[in-house]
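Visitor: Below are the features I grabbed from Swiss-Prot:
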BINDING   Cys33, Cys36, His37, His127  heme 1 binding site
BINDING   His49, Cys159, Cys162, His163  heme 4 binding site
BINDING   Cys82, Cys85, His86  heme 2 binding site
BINDING   Cys113, Cys116, His117, His207  heme 3 binding site
SIGNAL    1-22  signal peptide
Amino acid sequence: MIKILALATLLISGFLPGVTVAQQAEYLGFRACTKCHDSQGETWRASAHAKAFDSLKPNAKSEAKTKAKLDPKKDYTQDKNCVGCHVTGYGEPGGFVSGASLDDMKTLVGVTCESCHGAGGKFRNLHGEASDRLKNQGETSERKQLVTAGQNFDMEKACARCHLNFEGSTKHDAKAPFTPFSPSVGSKYQFDFQKSVMTTGAGNPIHTHFKLRGVFKGDPVPAVRAKLQEDAPEPE
């Protein structure tokens, strides 16, 4: 069923003006990533991002919703003003589809790998080829090809899309629908990218950053990478 929904989305977008082939690259779901990045996947499953969709359910996060003037008893899982920041690829080819069976959408539920790194259909094969090249020939690959293909390296912008998208935001070009969870609701919503990304252990909102193997070389290198790699553990 999920393949049928994805195909329908692609067919529709193919007739929309201004939509290029590159923009039609599909979201693949987190399992396409964790087949290789299993250690990252395991720690992500315990994170707040993995459970983001659950917070839209009735009676979940009631205190926070009340402070933000939302109805804690309401089911927001189908609310188009909320869903986009709690699932992956909402409204995009291959992404989460409201109204579809959650069983079909299960690898797109929550803020997954592709929410930050971009639709895997654009660059997954390049990762596989580069890994094989390093393993078989001992050669590293240029990271620039990933940028050309569409992988996102501007992590801070990816975070700001939801965490700083409140009305009146001065740190992000906020656009409707705005998040109701602004700093005026509570200090915890004063999003700090550096602090959030550097958090380790049980409170990590994303996943543990493990030692990277040097499959790719060259720019761009996210500014936080060097710091994260200083004490990054080995993949399990």
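Here, residue 1 is simply the first one shown, and the rest follow in order.
Cβ atoms are placed via backbone N, Cα and C, with glycine included.
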Visitor: Take the mean position of the Cβ atoms of His49, Cys159, Cys162, His163, the recorded heme 4 site. Which other residues of that chain put their Cβ within 8 Å of it?
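Guide: Not counting the recorded site residues, we get Cys85, Val111, Ser115, Ala158, Ala160, Arg161, Phe191, Ser196, Pro205.
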Visitor: Given Cys85 (heme 2 binding site) and Cys113 (heme 3 binding site), what distance in Å do their CA atoms have, once rounded to a whole number?
Guide: 13
Visitor: Hey, of Cys82, His86, His127, His207, which of those binding-site residues are within 10 Å of His49 (heme 4 binding site), Cα to Cα?
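Guide: Hits: His86, His207.
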Visitor: Cα within 10 Å of Cys113 (heme 3 binding site) is the criterion; apply it to the binding-site residues Cys33, His86, His127, Cys159, Cys162 and give the hits in sequence order.
Guide: Cys33
Visitor: Could you list the residues of the same chain, at least six apart in sequence, whose Cβ is under 8 A from the Cβ of Cys33 (heme 1 binding site)?
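Guide: Those within reach of Cys33 (heme 1 binding site), by Cβ under 8 Å and sequence separation of 6 or more, are Gln40, Gly41, Thr112, Cys113, Glu114, His117, Gly120, Arg124.
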Visitor: With a radius of 8 angstroms around the mean position of the C-beta atoms of Cys33, Cys36, His37, His127, what other residues of the same chain does the heme 1 site pick up?
Guide: Ala32, Thr34, Lys35, Gln40, Cys113, Arg124
Visitor: Count the Cβ atoms, other than its own, that fall within 10 Å of the Cβ of Cys85 (heme 2 binding site), considering every protein chain shown.
Guide: 18
Visitor: Have a look around Cys159 (heme 4 binding site) and count the other CB atoms within 10 A of its CB, chains all included.
Guide: 21
Visitor: Note down the number of other Cβ atoms within 10 Å of the Cβ of His127 (heme 1 binding site), including every protein chain shown.
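Guide: Taking every protein chain into account, the count is 19.
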Visitor: How many Å separate the Cα atoms of Cys116 (heme 3 binding site) and Cys162 (heme 4 binding site)?
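Guide: Between the Cα atoms of Cys116 (heme 3 binding site) and Cys162 (heme 4 binding site), the distance comes to 11 Å.
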